[in-house]
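According to TrEMBL, the protein carries these features:
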- 20-144: domain 'GtrA/DPMS transmembrane' (DOMAIN)
- 175-393: domain 'ArnT-like N-terminal' (DOMAIN)
- 21-40: transmembrane segment (TRANSMEM)
- 52-72: transmembrane segment (TRANSMEM)
- 93-114: transmembrane segment (TRANSMEM)
- 120-138: transmembrane segment (TRANSMEM)
- 159-180: transmembrane segment (TRANSMEM)
- 270-288: transmembrane segment (TRANSMEM)
- 294-314: transmembrane segment (TRANSMEM)
- 375-392: transmembrane segment (TRANSMEM)
- 430-456: transmembrane segment (TRANSMEM)
- 490-506: transmembrane segment (TRANSMEM)
- 513-535: transmembrane segment (TRANSMEM)
- 547-566: transmembrane segment (TRANSMEM)
Amino acid sequence: MPLHFIKHHGRRVLAYRFIRFGTVGASGTVVNLGVLYLAQEYLFTGVASAGLRLNLSLALAIFVATINNFGWNRLWTWHDRKHHHTRPLILQFIQYSTACWVSIVIQFALTRLLATELHYLAANLIAILSASVFNYFINDRWTFSPLKKSMEREARPEGQVIDTYLLLALILAVFTYFYALDSKNAPTNGDEAVYAHITRLTAASGHLLPLQSQLDHMRNTKPPLLFWQGIASTGWGRHWDRFSLRYPSVLYTLATALMAFLLGKKLGGATRTGLLAALVYLAFFDTYRYGRPFLTSAAEVFWFFLPFFVLLYWKQRAYASRQLVPLGLGGACGIGLLYKSFALLAPVGLGLSWWYLHERRYDWPLFLRQDAYKLALLGSVALAVFSLWFVLDPDPAAIFREFVVGENLGKFEAGEQSYLRRLIWGGHSIWSLCLAVFINAGLLAPLLAGLMWLAWRERHALTREEQLLWLWFLVLFAVFSLPSQRSGRYLLPAMPALAVLCALCWERIPRAVFLLAHGLTALALAGLGCLSIRLNGEAENMALYAPWYWVLVAGGLAVNLAGLARPGWSRDLAPVAAIAALLVLGGFLHPFDGPLGQFSPEAMRLLQAQAGPLGVPCNFRAKDEGYRLELPGVNVRAYAENTALTRQALAQRFPLFIADTAMADADCSGCRVISQRFIVRSRQPSQEIRASLRDGKLFQLLIGRQALIDARSVSRPPAEAESKECR
């Protein structure tokens, strides 16, 4: 066949296919408009909130139009590629939907970019054409790909989700970790405010040491590396916002996920195993909770897992190294100690010693001759790096008093109870530490339970690598069961190892475990959806959630349904559904960072112009740091929350103050409510939690309201000095 005929025929096929693609797109527009009209005027007329009704209608219209376009493109535009009818329909639909959303992002970005030089309509037209061409080619080469790629994929074991989709899920996980990173309501820990306080004051001093703080006995609460990290990421406080404080933590977490990927790929012999290990690690709830905020956890997990990664990845070369590896691992451990504590050398040193001894098959004389000095060298280097804090700080005695004695040895104090009673009873008991392992995993807790059951059943058949990873977990659990203050956060350095173990045992873990994980995730997604609908009803016709949010909730539930219905997909879709739930959680909290969670613009202008103190509630040390991040330039003063506090009492102290709308004595003489906002509540008293759960008042337990109150007309004594409350 002549070459020019082939080229001419190919161009004709391309032109006809693109015309068909455009025709299908036009039909999708008609379907979108029709469904939007029917839903808005008939289907959702019972929804009271106009904003919610429009969002639900848009979500349904987009979903139906996408199905319409996918179906016609599958049956008409690419009808000649009949092999695609044998491929999983839902996975092909996910591919098609992903291509559409990427095209939307391209159109938006190009319009914004070109609008600076062209008329916005011309810029949008060029962006639409460019995005359409991209959408066509990505579907032509990926969604409805040629036969060769399809045959390669069919060679895979039946029922497995292929690597491409796992990679897309991993990209979704990375996006999830950066999404709403600057949110004031992002899952975190109260220590973040304490660390932000120390960082802010130390940066303001112009010196890295000594650390600065106004908190009682909390100046040297942690070694300085976290605070130096915050000073560097905020440019000595010039860019004082949550994103600047938090993004290094996300980078640390992603670096740890990369180690999990490399280990999974190396030990499992397949890219798929590595992708699963990284995905499972990022799907753990406490990886998300502690691996994003301005806390020590992300760096601590990275630096303390790194030595074990090196030994397991390079194996004999790493074990045989006489100086280079021990020196390097000692430096890595030292950096970790400068983030957390010198005490962490105990579990790391014990774990590494056990690994070396295991490698020598418990030949003690050989271990003492060949490896003991390596561990001594490693520990010496680590402690030398940590001791730089004492050398460089002008007040080392304060470090010893506040950090060594108060922060570290104080964790062994049992308080009013005996050590033994605290060990076996209460919130810091050994049983709470056992439960914390599964709490760390969040929605994947059933997966962890199944992994432990499998490891016990096959304990005599574990591979050498599996044995070593389990040893690291057991060492951490044993060491951190000794202090009287036991916390699941201490076990976070074991989570990458558990994620790798999950990936290595993926096909051997019972399917029932994954079904239970899907059930938990579906309940979480449904609960967030119900809370969102309730919140929309409380928001007085304010459109809180964009259509993409409802599409995401529906998509997460669809992934759960697919995992429950299709046996071959149950395993691979479980971490994907958990990641989707984390993203939905971020989307649920997002409106509280927008108009719903802010005071009116007029109120904000008043605060910026007011020189007097603004009273803000505080139920944990340094919680007022969050208000400083939210209200830059405002003279924030904390007051301790308690049930007996009244507005009248606050009016005697502050010309302006923020208070809970449910506070007693709402009829404050001389007080005027300027604005109100919704807040996500935290640290509720245990009595309130029990009463709310008993009475079914979950919404009131989780969501509250704050009022900004003007009390400038109230006579008060001279302004007090800096408050010591919450200090």
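Cβ coordinates come from backbone N, Cα and C, glycine included.
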Long-range neighbours of the transmembrane segment (52-72), counting only residues six or more past its ends (CB under 8 A): 24-25, 27-29, 31-33, 35-36, 39-40, 43-45, 92-93, 96-97, 100, 533, 536-537, 543-547, 549-551, 554
Long-range environment of the transmembrane segment (21-40) - Cβ separation under 8 angstroms, sequence gap at least 6: 53-54, 56-58, 60-62, 64-66, 68-69, 72-73, 76-77, 132, 136, 139
Interface present between the transmembrane segment (547-566) and the transmembrane segment (430-456) (three or more C-beta pairs under 8 A): no
Recorded stretch that, among 270-288, 294-314, 513-535, has the most CB pairs under 8 Å to the transmembrane segment (490-506): 270-288
